[in-house]
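A.B. asks: So TrEMBL has the following annotated:
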type     : residues                     : note
DOMAIN   : 37-375                       : domain 'UDP-N-acetylglucosamine 2-epimerase'
BINDING  : R477, T489, D517, E566, E588 : N-acyl-D-mannosamine binding site
ACT_SITE : D517                         : active site
BINDING  : H569, C579, C581, C586       : Zn(2+) binding site
Amino acid sequence: MEKNGNNRKLRVCVATCNRADYSKLAPIMFGIKTEPEFFELDVVVLGSHLIDDYGNTYRMIEQDDFDINTRLHTIVRGEDEAAMVESVGLALVKLPDVLNRLKPDIMIVHGDRFDALALATSAALMNIRILHIEGGEVSGTIDDSIRHAITKLAHYHVCCTRSAEQHLISMCEDHDRILLAGCPSYDKLLSAKNKDYMSIIRMWLGDDVKCKDYIVALQHPVTTDIKHSIKMFELTLDALISFNKRTLVLFPNIDAGSKEMVRVMRKKGIEHHPNFRAVKHVPFDQFIQLVAHAGCMIGNSSCGVREVGAFGTPVINLGTRQIGRETGENVLHVRDADTQDKILQALHLQFGKQYPCSKIYGDGNAVPRILKFLKSIDLQEPLQKKFCFPPVKENISQDIDHILETLSALAVDLGGTNLRVGIVSMKGEIVKKYTQFNPKTYEERINLILQMCVEAAAEAVKLNCRILGVGISTGGRVNPQEGVVLHSTKLIQEWNSVDLRTPLSDTLHLPVWVDNDGNCAAMAERKFGQGKGLENFVTLITGTGIGGGIIHQHELIHGSSFCAAELGHLVVSLDGPDCSCGSHGCIEAYASGMALQREAKKLHDEDLLLVEGMSVPKDEAVGALHLIQAAKLGNAKAQSILRTAGTALGLGVVNILHTMNPSLVILSGVLASHYIPIVKDVIRQQALPSVQDVDVVVSDLVDPALLGAASMVLDYTTRRIH
């Protein structure tokens, strides 16, 4: 054992009450079962698992090859408030005998159901350690009160999101006993979508149903307002009938009000309607496939706002039952679902859309973290809970290695020459970087991007980095709202009308942001560089091409057609050299790496480039750096070319100063330091006196494109989470 202070196996009791909590507990149970040298597993089944009207779902536990040690019939029928209370009481009467017999070291309890409250109460009073899964979350109704009550009884906590972790800390729970692991069900979800699904769809919805052309409906009673929730369910069914799409309706859970909801279904003839399939239970593996390929999911189940986000399936969340949950972009809330028309409009808005996959609730690695956490529990430590009362320290709860996972972004920089992928931390540290040559064809390029990102995401787990999303910096004109490269530069071939967001989001199950490389450089300066805290500044990239980005009133300027800040194509001479854009006399035609390479080759072909102390190997292409080296060694022609290039860039900066009047201009890229003295001279000679004091500096960021791509992820996800 790793730390638990004794040589025997840890005896773990997992108690499951219904189909929903089993979907979260099963991955942990499978994990425990694979390590018999560390754990003994006892399974207790109670609640609605054992009721025929709710599908006798204990059978799926048996089908998963788990031995059920104890079956407890704890539900008092009636499906009203009194029946819920009586069911808790009945469970409290029966559980002590079971726990005395099993004598577990620790009991794993999930969520916020009234059955789980009975389990936690029994275990706490019998001095059995409790591990609570999914504490700290906020939803709505009585579930919040039950969840937080279980938190106060539990000794250890496994939470799914950083805000849930913060809630637990704010509730005075011991920081060392909180594990931010993610939702265990995501371990299964994120590997599920590629399985054969059409046979499952046909089995539950009929042979004539197509992928993305059906709806999954799952609605439960709201125990704090039963009358309204029944009315809302009636309106939902009316809207679904009017919408006229094949719909799989699952029966509600056993909460107070469920009996009345079933009556509404039967009154409207849902079980016999040709467009509806009404079922009590769908095995979780099959349910995953059904929601992953649905045109929409509707209702008020936590599954809609949590698990379904992993697939980007559109969700309509009705009413207040999940009002406090963190959600992805795929969820449309209809909190006042008081008319059929509102629900119908929501169906028209959402049905058939595809959203970026979200990993708010997990990254697919929860179970290994939880097993490691279990192994670390020291049974010799005092059982009595410790509470950490205010002041609460910020962000100091620990994972199993007592090292806070680094919130990070996966950043991709698609340049004219190289393709780079980096893992970037919240502080702008590039934890690891991967570089390959940028392929010439679309197929090779997109496959290489996916391969590098998958490898980097896997490496991030080993480096203790939690990837929040993917940011992509690419040359060309980009629609960042859709994640599409509209038109590319000539430096990157076969790169027009390319959707980058969808393939990466589908492969990595992460949100994806895309923007132009110049814009990314500006965002990097705003978050990590010399533009931090400035209201207005401009960034110019001097690399293979010339790009730029404009920050105005703290916001990035994209323009009406996403063409703002194409600063490399400011014309500084009417009869200048040809530019790759098709025009003449652009800054890029003078000052880019390509332009300097062109001039260097001309000099080399005329034997005018090399000077004493300088050579170019036969297998090495002549480039901009050779021209710079020749100028430094006294080559007058090379010096003249660099002076002309710097003057062109300086004139462009003057135009920017006169147009935007920024407080700072930042030059970045490999050529920036060579141009800065000439640019400042041009400003002194050509700019209006009112802007001559504007500072022009060289960026101190090593990889502005990578950092800017990362900043899109880090800015958005942290703002959304906190």
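Cβ atoms here come from the backbone N, Cα and C positions, even for glycine.
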A.B. asks: If you draw a 10 Å sphere on the Cβ of C586 (Zn(2+) binding site), how many other Cβ atoms land inside?
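C.D. replies: Excluding its own Cβ, the number within 10 Å is 29.
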A.B. asks: Over all shown protein chains, what is the count of other CB atoms within 10 A of the CB belonging to T489 (N-acyl-D-mannosamine binding site)?
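C.D. replies: The Cβ of T489 (N-acyl-D-mannosamine binding site) has 21 Cβ neighbours within 10 Å.
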A.B. asks: Quick one: of the binding-site residues T489, D517, E566, which has its CA closest to the CA of C586 (Zn(2+) binding site)?
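C.D. replies: In terms of Cα distance, C586 (Zn(2+) binding site) lies closest to E566.
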A.B. asks: Highest CB neighbour count within 10 A among the binding-site residues R477, H569?
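C.D. replies: Sorting the candidates by Cβ neighbours within 10 Å, the top entry is H569.
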A.B. asks: Sequence order is fine: just name those binding-site residues in R477, D517, E566, E588 with a Cα within 10 angstroms of C581 (Zn(2+) binding site).
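C.D. replies: Final answer, ordered: E588.
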A.B. asks: May I ask which residues of the same chain, at least 6 positions away in sequence, place their Cβ under 8 angstroms from the Cβ of D517 (N-acyl-D-mannosamine binding site)?
C.D. replies: D413, L414, G415, S473, T474, G475, I541, G547, A705, G708
A.B. asks: What is the one among the binding-site residues C579, C581 whose Cβ has the most other Cβ atoms less than or equal to 10 Å away?
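C.D. replies: Result of the Cβ crowding comparison: C579.
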A.B. asks: When you average the Cβ positions of H569, C579, C581, C586 for the Zn(2+) site, which other residues in that chain have a Cβ within 8 Å of that mean position?
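C.D. replies: For the Zn(2+) site, the extra neighbours are G568, V571, S580, G582, S583, I587, E588, A589.
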A.B. asks: What whole-number distance in angstrom separates the two most remote CA atoms of the N-acyl-D-mannosamine-binding residues R477, T489, D517, E566, E588?
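C.D. replies: Greatest Cα-Cα span of the listed binding residues: 16 Å.
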A.B. asks: Same chain, not part of R477, T489, D517, E566, E588: whose C-beta falls within 8 angstroms of the C-beta centre of the N-acyl-D-mannosamine site? Give them in sequence order.
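C.D. replies: Going along the sequence, the neighbours appear as G475, G476, N516, G518, G545, I546, G547, G568, H569, C581.
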A.B. asks: Near C579 (Zn(2+) binding site), which of the binding-site residues R477, T489, E566, E588 can be found within 10 Å, Cα to Cα?
C.D. replies: E588
A.B. asks: Which one is it: of the binding-site residues E566, E588, which Cβ has the fewest other Cβ atoms within 10 Å in this structure?
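C.D. replies: Ranked by other Cβ atoms within 10 Å, the binding-site residues E566, E588 bottom out at E566.
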A.B. asks: Pop the Cα-Cα gap between H569 (Zn(2+) binding site) and T489 (N-acyl-D-mannosamine binding site) into the table, whole Å please.
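C.D. replies: Spelling it out, the Cα of T489 (N-acyl-D-mannosamine binding site) and the Cα of H569 (Zn(2+) binding site) are 12 Å apart.
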A.B. asks: Note the mean pLDDT of the domain 'UDP-N-acetylglucosamine 2-epimerase' (37-375), expressed as a whole number.
C.D. replies: 91
